[in-house]
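Worksheet: one structure, shown below.
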Amino acid sequence: MTGTRTFFVGGNHKMNGSKSMLESLSKGMNESVENKENVDIFIAPSYPYLEFLSNKLDNKKFKVCSQNCYSVAKGAFTGEISANMLVDLGIPYVIIGHSERRNVFSESSELITKKTKYAISLGLTVILCLGELLADRKSNNTEHILSEQLKDFASFTPEEWSKIVIAYEPVWAIGTGAVATPQEAQDTHVFIRKWISEKVSEDVAKKTSIMYGGSVNADNCHNLSKQSDIDGFLVGGASLVASDFIAIIKSAVPKKY
């Protein structure tokens, strides 16, 4: 990692959690994690808890992130939330394009691009998720899939890219206990950075942080974080328990600094 990129550790709670769990999590994090320059730590709780968690976490140390948002400001879109609402709540980050949105809810790359552009236009930082299925990995189709997921972002300006953090999550590793080897993850991150360099600019490629996600825990993040193109972790189940998530933060961050 170069000195120009921020290292991110994020927790995606998905459809999990409760007020009592978040109370315990925020207490543990507030007491046990210190500020570190060039490191951003965020939690993405379920929607009903966004403001609750924001009021509990030390906002000087941590950020709260939404798990999704829609591509317009308001309207007859039952069950959706808008980037405008997140801004109104003071939520600075939003995850867009997670594999569960793509594969379970059939969100297209076109919609994901629209949502990203709109969120960025309101000043939100977008955690843009990419990733391939196991069949794609086995058929050596990973680079093609990632290129297809990225292609519409070639037209984004450097200013827009400055509000994007990539999260590479091989779908076959999410929640399965399987994890890409450090070299596999590094090679894929290098490909993503090369794509950005060729399609957008070399400067944007150097500055864009690329996180890894997929069954990350305190044990495997040691070696993953040593890779030069891995700029953080998007953590799932292990972010639900304070001690587990804190262990990942304390295990990963020192390896970079």
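Just so it is clear, glycine is given a Cβ too, placed from its N, Cα and C backbone atoms.
So that you can see what the record holds, here are the features copied from Swiss-Prot:
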BINDING   N12, K14  substrate binding site
ACT_SITE  H98  active site, electrophile
ACT_SITE  E169  active site, proton acceptor
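The local packing around K14 (substrate binding site), expressed as other Cβ atoms within 10 Å of its Cβ over all shown chains, amounts to 18.
The Cβ of H98 (active site, electrophile) lies under 8 Å from the Cβ of N12, Q67, N68, C129, E169, each of these being in the same chain and 6 or more residues away along the sequence.
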